[in-house]
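Written below as structure tokens is the structure these notes are about.
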């Protein structure tokens, strides 16, 4: 009984921030070594997984009476459903560009990945996410008629205009910083959690917050904007790329890579604050299960060196 209780405590407690940063560095290292074909398809899959959250959020937001009389309430209710997408991404280990902009720089700053690794991962994951999201948004939801009814079609057009036309370029850029700041904090807390319920709760609140505030996530916008254009929004592809995709892309990189990855690397992985690379050697199986869960389809049975320690996975 005491042994079972000890195991329960071990797997329901969360790791500290400094230990979490060590785990994020390991995830970045493993993602840096992923085969290109697996990286591509794992990134393509992340698009539809996030797209499910985008679609249910947009569907919920299509409530004309609430839009007129209680816009804050309906936006908050719709935001409650969006985290489903990131939960699916994190728990399946899919490669989402906006979380890779956090984990790869941490691995690089920890001297576990190169600039070439970062460039490869970012480039492949971004275009893989785009391909997957376009398939889901245009083929599954567009030609599939998911938003074919007049109310939902009108909402998709209105939402696309609100995202790309109404705000100025610098506003989209600044909102994108806040969006991926919260998304990467959600991933950070999910990594620190040791069982599925805690991971889901950790992801839910920050993501709901960013959606409820109307912040800009470049991959999510790859669903909202093309679907709006498909349904007749007065936006051209070039306008979308310049006015929405580019500022959101740059802002997301800064929000996740600087405000989360680099800042917490400086706070917890430099000087005396850093933990030993083998801090979890007595529970390495459980820890590496968490790493593999977030790192995606990496090679099994290989040895990975973390600092002075070497673990087989």
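Quick reminder: no glycine exception, Cβ is built from N, Cα and C everywhere.
Because the structure is a prediction, the values reported are computed rather than measured.
Of the listed segments 39-61, 269-291, TrEMBL assigns transmembrane segment to 39-61.
Looking at which of 39-61, 81-109, 203-219, 225-242 has the most CB pairs under 8 Å to the transmembrane segment (249-267), the answer is the stretch 81-109. Here the transmembrane segment (81-109) has Cβ contacts under 8 Å with residues 21, 24-29, 31-32, 34, 39, 42-43, 45-46, 49-54, 56-57, 60, 115, 117-118, 121-122, 124-126, 128-129, 180, 183-184, 186-188, 190, 196, 199-200, 203-204, 207-208, 211, 217-220, 252-253, 256-257, 260-262, 264-265, 269, 292-297 of the same chain, all six or more residues outside its ends.
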